[in-house]
Amino acid sequence: MTPDILQSMSDAAAMLFQWRMMFYLFLGAVIGTLLAVIPGVGGLMGLALLLPFTFSMPATEAIVFMIAALAVMSTADSIPAILFGVPGTPTSMVTVLDGYPMAKNGEAGRAMGAAFTSSVLGGIVGALLLIVVIPISMPVLMGATSPELFGFCILGLAMVGALAGGSMAKGIGAALIGVLLAFIGQDDQTATLRWSFDTLYLWDGLHILIIALGIYALPEIADLAILRKAIAPSGKRSKLSGVGMGFRDTMRNLWPVTRSATASSALGIIPAVGPTVIPWLVYSYTTMVTRGPKMFGRGDVRGVIASESSNNATVGGALLPTVALGVPGSAPMALFLGAMLLHGIAPGPDMLSRNLDLTYTMVWGIVLANVIGGLLALGLARPLSLIVLVRPAILVPVIAVVVFAGALQSTRQWEDGLFLLAIGALGWVMKRARWPRAPLFLAFILGPLVEKYFFISYNIHGWGFLVRPWVMALLGLTALFLAGIVIGRWARKRRQGKRLKSLRFTPSLSLDTVFAATVFAAFVLAFWTSLDWRFAAAIMPQIAAVAGIVFAGAALVGVLTTATWHSHGALEEETHFDLETDFGDLAPRTILLRGAHFLAMLALLGALSWAFGILVALPVFMIAYLLINREKALITLTVTASFWLVAWLLFDKVLRLAWPRPLFDIGSLLPF
Amino acid sequence: MISRRLFTLAAAAAMTITTAAQAQSPEEFFAGKTLRVVSSTGAGGTMDLYLLLFMKHAEKHLPEGTSLVLDHRTGGGGSIMANYIYNQARADGTEFGMPVPAIVSSTFTQPDATRYVPDEFTALGRLVDLPRVFVARTDSGITSFEDLRDAEGEITHGIMTVGTSLDQYMRIANEALGANFRAVAGYSGGGPTFLAMEQGEVQSTTAEPANLLANKWHLVESGDISVLGILGLEPVAGLEDYPNLLDLIDEDSPAYGKSLSVAQSAGIGLSLIAPPGVPEDRATYLREVFTATMTDPELLAEAEERSIPINYASGDWLQDLLGDAMNVDDDVRAWFASLVQ
């Protein structure tokens with residue numbers, strides 16, 4: 001490290017420790033923490049809301065404010081992920097996998113303690129790594145062209161194999177559903193509108209927030225509504241000591257934390273592989289290399305640690321391409337880039353040379369904000385962990401409204417609500433039928449990137465792009481990874497002496513059968529409807545659809561048949577990387593009826609909002625929901641009035657959110 | 001009977017409110033209100049930069065207690081925002097917004113998606129025009145428009161989605177100059193496209209003048225990147241020495257109408273429009289506020305300090321341009337439509 005770099009680091013630290021800078025840093029960390037707790041409204045949308053406020057700040061203070069808010073969001077967004085299974089932002093989706101089951105087991109405090117500690121450590125390690133690599137990063141950044149990014153995306157997509165869990169057919173089938181959902185909208189190569197059904201809403205495809213909230217959040221709320229029990233039974237009340245246990249869990253796993261954070265920060269530098277993808281890669285890798293008894297997907301604290309140490313570390317990595325190239329490594333970073341441009345701070349190589357002190361100010365800002373954010377989140381942990389004991393009749397409508405309002409911020413059209421319900425229904429059925437949802441989400445992000453980088457690379461280099469050194473190395477790594485999965489499965493089978501004894505055709509009209517058949521039919525239909533498209537628009541969706549027909553077909557055969565196996569002893573249970581809800585002795589009919597009831601209530605909220613606006617619909621929905629669920633009138637009115645007041649103040653007065661225009665805008669006639 | 005009474009009561013109340021509103025001066029009407037400024041692109045982009053600058057200084061020229069909030073309605077190539085402003089936004093002056101520059105030509109390329117008539121909007125004024133600059137890697141051997149004419153091989157040219165503005169500029173150059181640009185589509189924005197050129201992945205592209213001058217000019221000075229010229233309605237400060245493609249095309253050439261139409265989109269640039277039917281006195285008032293804001297010495301000083309180019313044009317000028325831009329030959333409309341077919 002040259003004296004110039006050391007001087008820049010020390011200048012940056014001196015600048016940051018001025019009281020004025022510290023004030024903005026603290027303010028950013030506090031606001032970022034509070035926003036990230038609100039699913040949908042926090043995270044990306046939260047940063048977008050904060051951006052205008054920075055305009056009146058001095059440039060460096062604005063940058064420090066934004067970077068602090070950005071840095072802490074990956075810590076605080078784990079709170080709703082753990083408590084309700086609702087990711088605060090898409091980056092905390094992996095945390096849901098083990099964090100939420102821990103909350104259900106009365107270990108919310110422990111999960112949050114582990115999440116915050118590993119998140120803070122991950123953020124710090126990621127930022128410190130950045131300090132080391134900044135001076136040598138420019139050649140790497142400039143060398144990452146479309147063929148190399150294609151290679152990275154293929155490697156990422158291969159991780160689906162690890163997340164597929166017990167049923168490879170269902171796992172890959174789920175990924176292919178994600179790919180087809182991602183292909184909705186206008187394609188870049190021919191401007192063909194793919195599966196947009198002549199609607200303007202689908203022109204740009206489905207918003208990631210709708211997928212994230214629909215696929216994970218709504219099914220968890222629905223299950224709470226169906227079960228009609230608090231998230232954690234009262235006998236499993238979370239204790240404050242749990243937070244300390246989570247802290248100790250993290251300290252016992254310092255090497256995995258460092259490994260996850262280092263890899264995530266390094267991967268975060270690559271623009272294509274953002275913080276929504278990297279934690280999945282790290283999680284799947286962790287599940288493969290962890291030794292001893294594993295409970296991943298069912299409440300293993302190491303899953304929470306892997307996810308949280310990863311998602312926060314990507315912030316540091318993603319900062320590099322943003323400041324050095326003006327190409328944001330993630331969606332939140334795009335907003336941070338916006339803040340830089342608003343203040344006339346030009347991204348470019350100068351940020352790694354002439355303006356290095358400013359870049360280091362951002363890096364130190366990430367380190368400090370992480371510490372502040374971690375402490376704030378720890379402070380919130382105890383009061384918030386008590387939420388898991390709240391009766392679902394009260395909790396469900398409150399979370400449902402927050403998620404619905406968050407979804408409406410995606411594009412501010414009523415269709416956001418409709419698609420939230422549709423994707424939510426898909427997510428719920430997938431969960432019941434044990435189709436893992438993680439591959440869907442991962443493929444939803446990576447599928448279009450693979451298509452984009454393939455066409456750019458092919459257009460420029462022809463097939464020759466596949467023999468570029470880095471591309472070959474990445475594709476080779478992908479092949480090795482997939483071979484490892486196949487060999488691992490084969491070895492396990494061999495170890496258990498598992499051999500097929502008999503296979504019987506046992507058809508039944510279960511949810512599993514109906515869903516597999518529907519997915520199979522959907523892939524056939526997708527292929528059929530793409531036949532009229534021009535080649536460049538059609539080829540990738542058709543490949544995905546054909547693969548989908550094969551894997552959904554295999555899944556369908558799987559559910560229509562019963563296999564019995566020979567083995568040396570009891571068969572090991574296959575890991576299923578997704579949440580599961582134990583409905584106990586509830587009859588399937590009851591489950592379906594309660595599910596339909598919940599869906600109908602949500603539809604009521606949507607319809608009332610569409611007709612009269614969300615702030616008018618909110619109290620009607622709340623009162624109806626609470627009374628139907630036999631809450632007392634006084635409690636109903638108190639909860640409704642309190643929540644309406646908070647929502648009005650937060651959404652309308654503080655955040656000044658814009659909503660789609662209702663049919664009858666009676667809210668605008670109100671004097672306040 | 002009850003419903004008739006209710007109806008009479010409601011009608012009387014509505015009349016009272018309407019009469020009271022009509023009796024108000026625009027200053028009285030806007031006082032204490034929150035005005036919603038709708039952007040057609042996502043947060044953090046160039047549009048935000050201009051809107052936030054405008055909003056910060058406009059509040060000084062509005063009645064006390066009047067505030068402005070920013071709202072993003074993105075998608076459909078800008079049609080979602082324009083459709084919203086035309087069909088759904090309140091036409092009382094409290095909602096207005098910044099459309100994409102291609103607000104008129106979008107009605108040619110995607111007539112089914114656009115549910116508005118461009119010259120029926122209430123034009124408030126323009127903040128800046130948005131021409132584009134043709135740039136190429138110097139090692140491609142292309143350093144001027146003349147080199148484009150003489151080039152024998154294909155020149156890879158980075159664009160975003162086929163049919164959108166970067167593609168339109170490239171096709172105009174191909175048609176008007178006989179250039180041999182080959183589109184490489186799929187880049188996710190102007191920034192990534194320019195980076196691809198810096199990395200040597202593509203040989204050329206078009207850039208926003210403001211971004212080029214403020215952030216990338218060192219590449220021009222070092223000789224890595226060559227500026228070929230611009231395409232726009234007006235000269236660009238800082239780029240006066242480079243030719244405007246429009247000036248090089250014979251007015252009788254079939255390419256001229258298309259080039260002019262693309263240049264008119266650049267001329268519309270970043271402008272503010274309100275829904276059709278805003279009461280005349282309030283529209284006039286908003287235009288006055290716009291003019292006062294855009295000529296405010298404090299705004300101009302801040303823009304200069306932040307390297308934000310300003311090229312103000314009045315609401316009347318913009319209204320005329322919207323009308324002119326719609327008035328194109330059928331072959332120009334057909335050309336735009338063919339871009340996405």
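Glycine too: its Cβ is placed from the backbone N, Cα and C atoms.
Nobody curates TrEMBL annotations by hand; they come from automatic prediction.
Keep in mind the model is a prediction, meaning the values are calculated, not measured.
Averaged across the domain 'DUF112' (A:23-441), pLDDT in this predicted model comes to 85. Annotated domain 'DUF112' per TrEMBL: A:23-441, in sequence order.
Taken from TrEMBL, the feature transmembrane segment applies to A:63-86 (among others).
The transmembrane segment feature in TrEMBL is assigned to A:120-140 (among others).
The annotation transmembrane segment is assigned in TrEMBL to A:152-185 (among others). Here the transmembrane segment (A:152-185) has Cβ contacts under 8 Å with residues 193-196, 202-206, 211, 270, 272-273, 277, 280-281, 283-285, 287-288, 297, 426, 430, 433-451, 453, 474-475, 477-478, 481-482, 485, 519, 522-523, 526, 540-541, 544-545, 547-548, 551-552, 554-555, 558, 574-578 of the same chain, all six or more residues outside its ends.
Under the heading transmembrane segment, TrEMBL lists A:205-227 (among others). If one looks beyond the transmembrane segment (A:205-227) by at least 6 residues along the same chain, the residues whose Cβ comes under 8 Å of a Cβ in the stretch are 39-40, 44-45, 84-87, 89-90, 93, 96, 100, 181-186, 276, 331, 392, 395-396, 399-400, 403, 406-407, 409-411, 416, 419-428, 430-431, 437, 440-441, 444-445, 448, 579, 581, 583-584, 586, 591, 594-595, 597-599, 601-602.
The annotation transmembrane segment is assigned in TrEMBL to A:318-342 (among others).
Annotation comment: TrEMBL describes A:362-381 (among others) as transmembrane segment.
Feature annotation from TrEMBL assigns transmembrane segment to A:388-408 (among others). Beyond the ends of the transmembrane segment (A:388-408), by six or more residues, the same chain brings 38-42, 45, 83-84, 86, 103-104, 108, 209-210, 213-214, 217-218, 221, 224-225, 227-232, 234, 237-238, 414, 416-417, 420, 598, 601-602, 605-606, 609, 614, 618, 621-622, 625-626, 629-631, 635, 639, 643, 647, 651, 657, 659-660 to within a C-beta distance below 8 angstroms of the stretch.
Packing against the transmembrane segment (A:414-431) from elsewhere in the chain are residues 174, 177, 199, 201, 206-207, 210-211, 213-219, 222-223, 403-404, 407-408, 437, 440, 511, 515, 578-581, 595, 599, 602-603, 606, 609-610, 660: each is 6 or more residues past its ends and has a CB under 8 Å from a CB in it. Residues annotated as transmembrane segment in TrEMBL: A:414-431 (among others).
According to TrEMBL, the transmembrane segment annotation covers A:438-458 (among others). Cβ atoms under 8 Å from those of the transmembrane segment (A:438-458) belong to residues 90, 93-94, 97, 146-147, 149-150, 153-154, 156-157, 159-160, 163-164, 171-172, 174-179, 181-183, 187-189, 205, 208, 211-212, 215-216, 272, 274, 276-277, 280, 430, 465, 536, 540, 544, 577-578 of the same chain, restricted to positions at least 6 beyond its ends.
Annotation source TrEMBL lists transmembrane segment at A:470-488 (among others).
Annotated transmembrane segment per TrEMBL: A:535-560 (among others), in sequence order. Non-local neighbours of the transmembrane segment (A:535-560) in the same chain are 167-170, 172-173, 176-177, 179-180, 183, 187, 189-190, 192, 194, 435, 447, 450-451, 454-455, 505-507, 510, 512-513, 516-517, 519-520, 522-524, 526-527; each lies 6+ residues outside the stretch with a CB under 8 Å from one of its CB atoms.
Annotated transmembrane segment per TrEMBL: A:598-627 (among others), in sequence order. For the transmembrane segment (A:598-627), same-chain residues at least 6 beyond its ends with a Cβ under 8 Å from one of its own Cβ atoms are 218, 221-222, 225-226, 393-394, 396-398, 400-401, 404-405, 408, 414, 417-418, 421, 424-425, 633, 635-637, 639-641, 643-644, 647-648, 651-652, 659-660, 662-667.
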Between A:63-86, A:120-140, A:362-381, who has the most Cβ pairs under 8 Å to the transmembrane segment (A:318-342)?
A:63-86
